[in-house]
Amino acid sequence: MRMENRTARLFRQGVGGLLAILGVAMTLGGAVLLSDGGSAWYGVAGIVWVICAIGVFRRDHRVILLYGVLLAATVAWSVWEAGFDGWQLMPRLGLPVLLAVLLVASTVGFRAPRRSAWLGSLAVLLVSVAVSAVLHGQSGEASDPLLRAGVSSSYPPANGMTEAAARQDWPAFGNDQGGTRFSPLTQITPDNVQQLQVAWEAETGPMGPGPEGGLEVVPIMVGDTLYACNDQNRVTALDAETGKERWHQDISGGTAASGKPCRGVAFYQLPNAEGPCAQRIIAPNQMPGLVALDARTGEFCEHFGDKGFVDLREGIKAYPHGLYYVSSAPQIIRGKVVVGGGISDGQYWGGPSGVIRAFDAETGQLAWAYDSEQPDRKGAPPSGEVYSPSSPNSWAPISADETLGLVYLPMGNATPDNFGGLRRPGDDQVSSSVIALDAETGRLRWHFQTTHHDIWDYDVPAQPTLVDLPVDGVIRHALIQATKRGEVFVLDRETGTPIAPVQEQAVPQGGLAKGERLSATQPASIGLPAFRQPTLQERDMWGITPLDQMLCRIQFRHSRYEGHMTPITLGQPVLIAPGSAGGINWGGVSVDLDHGVMVVNWLRMVDRVELVSREEAVERKFRLSDGQSPGGDAQRPMLNTPYGAYGTTFLSVLGTPCNAPPWGLISAVDLASGKLLWSRPLGTARDTGPLGIPSMLPVTVGTPMTGGSVSTRSGLIFIAATAERTIRALDVHSGEELWSARLPGAGNASPVTYIGPRSGRQFVVIAAGGKKALKTRLSNTIVAFALPAPKP
């Protein structure tokens with residue numbers, strides 16, 4: 001045995017110490033996991049690491065053989081659990097392989113084992129991997145997304161349902177009142193999209209000091225002007241060709257910003273009118289209220305409400321500022337501005353009403369109000385009374401059908417979300433539903449509930465998408481409703497009856513807190529895929545290293561989880577998959593109207609929620625939100641109920657999701673057959689990483705996301721949305737990425753596209769605002785892309 005110098009000795013001792021520390025941690029954690037019925041590998045590996053540490057200190061060459069056997073077993077176990085998925089193998093093999101390298105390097109001076117022993121270990125490794133791969137392949141894993149009608153490799157032919165000519169602007173949040181997010185433009189094609197370049201960038205005003213910040217607006221473009229709002233009570237008008245500011249207006253009305261995003265504004269043209277405010281922008285502010293501005297000058301429309309303002313606090317029971325807000329663009333139908341509002345989750349029973357109201361688009365006078373607990377009352381409540389407190393609200397984008405005279409609203413829950421024992425009949429009727437209201441009277445025409453007695457925060461978050469579909473040789477006026485649960489329902493928008501079949505399916509029961517109740521079944525849209533992950537298993541837990549993966553496994557074992565819709569349980573954390581972010585969120589879907597193809601970007605994130613007694617909530621000092629966050633606070637005091645709750649995204653100690661990637665995907669579905677056309681993860685890991693530190697790895701992982709897509713007649717999908725400062729163009733037929741560009745902040749919004757009327761160029765525009773919740777860089781910038789301008 002050779003003598004070692006001081007450097008070699010210190011290195012060997014450092015490796016031994018590292019093995020000892022990691023080994024003890026793995027042994028202790030592994031013992032806990034094994035006692036909970038979990039995997040034995042972590043405890044065994046920890047013991048072997050401790051033995052190897054002792055051998056390194058003693059300079060015993062047998063540690064190499066021992067570690068080699070462990071490594072062979074680790075590789076076999078990893079393949080058995082995860083197959084050959086690189087991201088799944090990383091936490092299982094990354095650290096063990098690194099330790100193997102360090103171990104070999106530290107034992108250079110040891111007496112070497114015989115060559116035959118190394119060859120034997122290699123043979124064992126190869127046989128183990130082969131056997132494990134076969135066993136993994138026979139494990140019967142569920143598909144992702146959950147398929148119900150199968151897969152088709154053939155993109156459907158043109159259906160002849162859309163007009164050949166269409167407008168070239170983007171006049172509403174979803175381009176049209178029905179929120180299809182479809183553009184008939186064809187200038188940018190799969191053949192030339194790689195030539196896209198930045199045409200202009202524009203700032204939308206100073207960034208706010210609030211805890212969230214970020215710019216999530218989906219601008220609208222009318223004439224030659226782009227209109228946008230931000231989270232600081234500011235509306236900005238930009239030249240759609242150059243990005244040069246035309247005007248901006250402070251619409252705060254003297255009210256402080258409350259940290260809520262502003263995702264859009266609406267445009268209205270007064271019939272047969274000219275002059276000031278004949279064309280107007282209707283925007284929400286954080287009072288909350290509605291504001292009318294002259295589209296040309298940005299001046300307030302003096303004859304709308306009170307000098308341009310309608311105060312939405314009228315008729316609402318007093319509440320702490322910021323707990324009632326409007327973040328989505330209003331909808332305009334038949335001369336009326338229809339608006340809902342959001343209520344911060346989990347605060348207290350008896351909070352602000354979720355009343356839906358319509359105002360005259362010219363005068364701002366109340367036209368009607370829909371209060372789910374007072375459905376027969378058309379107007380405001382009598383003097384001295386208020387709209388029903390804690391009623392279901394509608395915070396997401398709204399759709400409308402001018403011909404049918406119906407307005408469609410995606411409904412949230414009656415707060416607080418995680419306990420429903422105090423809900424009234426009207427709450428349980430329309431919570432987590434899509435409803436159709438008569439545009440003239442506000443009367444409920446129909447409703448369809450996507451989650452019965454929702455205690456999981458499964459608000460309906462996406463704009464209802466209105467399309468006409470050929471069904472059995474007949475054209476049906478359809479409504480597509482995407483949900484946080486990952487279910488996508490296709491309904492007749494005249495009656496609310498399902499077009500794609502819906503089945504009531506049994507869900508887990510029992511373990512309820514006193515006073516709670518459950519529905520025995522939940523609706524499933526069995527003719528379409530379900531955009532959520534398969535039922536979680538312990539092996540689906542993830543981490544950067546085996547240690548944080550082990551801790552996630554322990555949390556999984558310590559939580560109640562019986563699959564989708566596991567009931568919220570008193571005193572035990574419950575895993576909710578998909579979590580409250582979805583599934584599908586406010587980005588909704590886009591539709592290739594020419595071919596009847598729906599494009600869905602969706603999440604595979606998990607929440608962990610614990611219901612606690614009132615006494616424990618007080619002891620843990622659960623307090624009301626300060627109103628400065630956009631919702632989703634971890635502490636949920638749920639005052640005036642017997643309980644409180646604590647809920648977060650299911651994350652590791654390093655801040656990464658405990659469930660394995662991909663976390664964000666994009667898929668395409670043939671609406672006629674319900675078959676999946678393609679699906680792929682979306683987003684690389686370069687701008688995210690453990691502890692919020694960007695990994696700089698441009699490797700596709702499928703990041704968390706918020707925002708939506710645009711589909712074009714030329715066969716492209718434009719989407720940013722990911723936790724990455726990148727916008728992409730995909731081939732709608734295959735999902736192949738054709739182009740991408742970096743952004744100043746993550747594009748956590750939805751893009752828009754239009755033709756500039758002076759240049760005739762097609763622009764693709766995205767708000768690159770980022771989002772603190774996704775740990776992405778924040779920005780106040782809107783970026784436009786276009787093909788190179790023709791040379792003069």
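Placement of Cβ uses the backbone N, Cα and C atoms for every residue, glycine included.
Database features (TrEMBL):
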| type | residues | note |
| --- | --- | --- |
| TRANSMEM | 12-34 | transmembrane segment |
| TRANSMEM | 40-57 | transmembrane segment |
| TRANSMEM | 64-80 | transmembrane segment |
| TRANSMEM | 92-110 | transmembrane segment |
| TRANSMEM | 117-135 | transmembrane segment |
| DOMAIN | 170-764 | domain 'Pyrrolo-quinoline quinone repeat' |
| REGION | 373-394 | region 'Disordered' |
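With a cut-off of 8 Å between Cβ atoms, the residues of this chain six or more beyond the transmembrane segment (40-57) that come close are 12-13, 15-20, 22-31, 33-34, 63, 66-67, 70, 74, 77, 96, 99, 103, 106-107, 546, 550, 553. Sequence-distant neighbours of the transmembrane segment (12-34) (same chain, 6+ residues past either end, Cβ-Cβ under 8 Å): 4, 40-54, 56-57, 59, 95, 99, 102-103, 105-107, 546-547, 550-551, 553-554, 557. Across all of the domain 'Pyrrolo-quinoline quinone repeat' (170-764), the predicted model scores a mean pLDDT of 95. With DSSP classes pooled into helix, strand and coil, the tally for the region 'Disordered' (373-394) is 0 helix, 1 strand, 21 coil.
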